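Quick look at what TrEMBL lists:
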{"type": "REGION", "residues": "1-343", "note": "region 'A'"}
{"type": "DOMAIN", "residues": "28-185", "note": "domain 'Histidine kinase/HSP90-like ATPase'"}
{"type": "BINDING", "residues": "E35, N39, D81, M86, 100-102, 125-130, T175, R343", "note": "ATP binding site"}
{"type": "REGION", "residues": "556-633", "note": "region 'C'"}
Amino acid sequence: MSTQAETFEFQAESRKLLQLMVHAIYSNKDTFLRELVSNASDALDKVRLESFRDKDLEVDTSDPHILIEADRQHRTLTVRDNGIGMSRDEVQDLIGTIAKSGTAELLQQLKETQDGAAAQELIGQFGLGFYASFMVADRVTLLTRRVGESTGTRWDSTGEGTYTIETVEEAPQGTAVTLHLKAEDQEDSLLDYTDSTTITNIVKRYSDFISWPIRMEVERTDSEGTTTRQLETINSMKALWARPKEEVAEEEYREFYKHISHDWNDPLETIHLRAEGTIEYQALLFIPSVAPFDLFTRDHKRGVQLYVKRVFIMDDCEELLPEYLRFVKGVVDAQDLSLNVSREILQQDRQIQMMRRRLVKKVLSTVKDMMSEDPDRYAKFWDQFGQAVKEGLLNDVDNREQILEIASFESTHDPESRTTLREYIERMKDSQDTIYYITGSSRSKVENSPHIEAFRDKGMEVLLLTDPVDEMWVESVPEFDGKRFQSIAKGQVDLDGKDEDGKDTEREQEFADVLSWMSTKLADDVKEVRLSSRLSSSPACVVSDSDDMGPTLEKMYRAMGHELPPVKRILEVNPDHPLVSGMRESYDRNGQSRELEETAELLHGMALLAEGGELREPAQFTSLLANRLAQTL
Ligand code: ADP
């Protein structure tokens, strides 16, 4: 077998990130050890599981542990585990590339950020795992052998563009990562990573809760002054979630969060829960402070790990939290499940379902408390995760009311901050019995859309819903607290509170002829042309019929590949606008004409443009408009 080392190049993106690491901008370099220990701990979890599932596997699980070895003379630090190890292919895939989705976006954002602290935050949010080693080392070697395989793999890199991979005949089970420490770090006594006290302190700080022993040779001086070196376990191995809340320090929660989430930021909120009684479990959940880059990609994993009686069972346990809470990270430790529980069993397990119900309620109520106790923190939460939470309005009917309670929306009431539905209702006029909203792609578009004019004039508040998911949930959520949701771009609105009989019938009759003529002329594009009560300064707007889908939703469905019949909308015109009253006079006086027909087309086009919509035939519209303008010169 060839043992020759093959050289590979890092992908361009990985290389850029590595360069950032090598010339590190972090203030806290110690965290590299947390990343390595965390990986080693995961590898031990995996080997335990695998040996459990596959009884024939040739594997040593007699003494799973992590060993940290420092070599002062050669200035190296090695983190060794006897866990699952990696095959050659895995080394290439997992270590040779920073394969995380979002790398490109990260680099783009870094390019746009001038500010160093912001850049650091961005990278932190991304998490660099194994690569963090290059903050303190100018060369890293990794020797690994996967359980069940007979040969091992050595990976070697200075982090400067290339790495080598070599197959080796002899290697112990698991992985050893050796850092050749940078010289400059050695000069700083605080950062002597070959000193066992330094390492012990870092481990205690970041990794104390790791459930496997982390061992290191430590120097001990006895009362007679004799110094001996002995192997000690330097972490307490206490499962954080199993300890009473009162006894866990904030910092321990934070470090635990970083361990399980691979996020470098502190969590926004910690939820520590202990259930006793019919089903017994402990949960330690976290809401991150920053949404991951891939929150809205299809393969985003859910962040809750399942343990049974302190034993790790699986990552991304989908059964424990619904998809719309996929950003929640943490651990759930159930006392009464079987250790060899599978995903199939979980899906039907009644206990899991009860736990899930309880966990969802707890997360939602935590956000609700945050809302009243710390509005700024809540605002931060909603900025990051509101869009995901709103998906729950579609999928989690049982908790709909609760989700609406914790939701907040932009509104015409205040350009600076969002409003809750409760606050909206409190401000509602006495005569108003519905919650008005408009959907669209951006605040500025909907805010300036003609539909909103009369509402603004009358001082009526309108919610401005600009997330794509808003288009969907407003279609399926009928009301909040007995108040119906009503789109101001749909159906009839009657802001004066008059009923059908109170309509301005005289006006209707006056315009009846010209409107019915326009309706036939524009029949390809609109269902109907009618007088509007929602306009004050614009000549016209287009609205959807009450039961039809709005244009954005229609577009979304088409983009998803759904075949839809064309949805025609309604053109509403403002009888008080000189253009519209002028058209009526012209029609009454001269009947139909080519010019009037063109004016009707222009009117329809303008209404579409005003709401930020698209014209069916932009070229035709422009040429009509240009000719008309030419006549005025
Ligand atoms: P992350 O841990 O955030 O996924 P890393 O770059 O630290 O990113 O590691 C990438 C992958 O390499 C891990 O997900 C794991 O599959 C593998 N890996 C890293 N360290 C080890 C190890 N000590 N033993 C086995 N596999 C490892």
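Cβ coordinates are placed from backbone N, Cα and C, and glycine is handled just like the others.
Since the structure is predicted, the reported quantities are computational estimates derived from the model, not experimental observations.
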Residues among the binding-site residues D81, F130, R343 that border ligand 1 - Cβ under 6 angstroms, in sequence order: D81, F130
Summary of DSSP states over the region 'C' (556-633), given as helix, strand and coil counts: 48 helix, 5 strand, 25 coil
Around the Cβ of R343 (ATP binding site), the count of other Cβ atoms that are within 10 Å: 12
Structural state of D81 (ATP binding site), classified by DSSP into three states: strand
Count of other CB atoms lying within 10 Å of the CB belonging to D81 (ATP binding site): 28
Binding-site residues listed as E35, F130, least Cβ neighbours within 10 Å: F130
For the region 'A' (1-343), mean pLDDT (0 to 100): 85
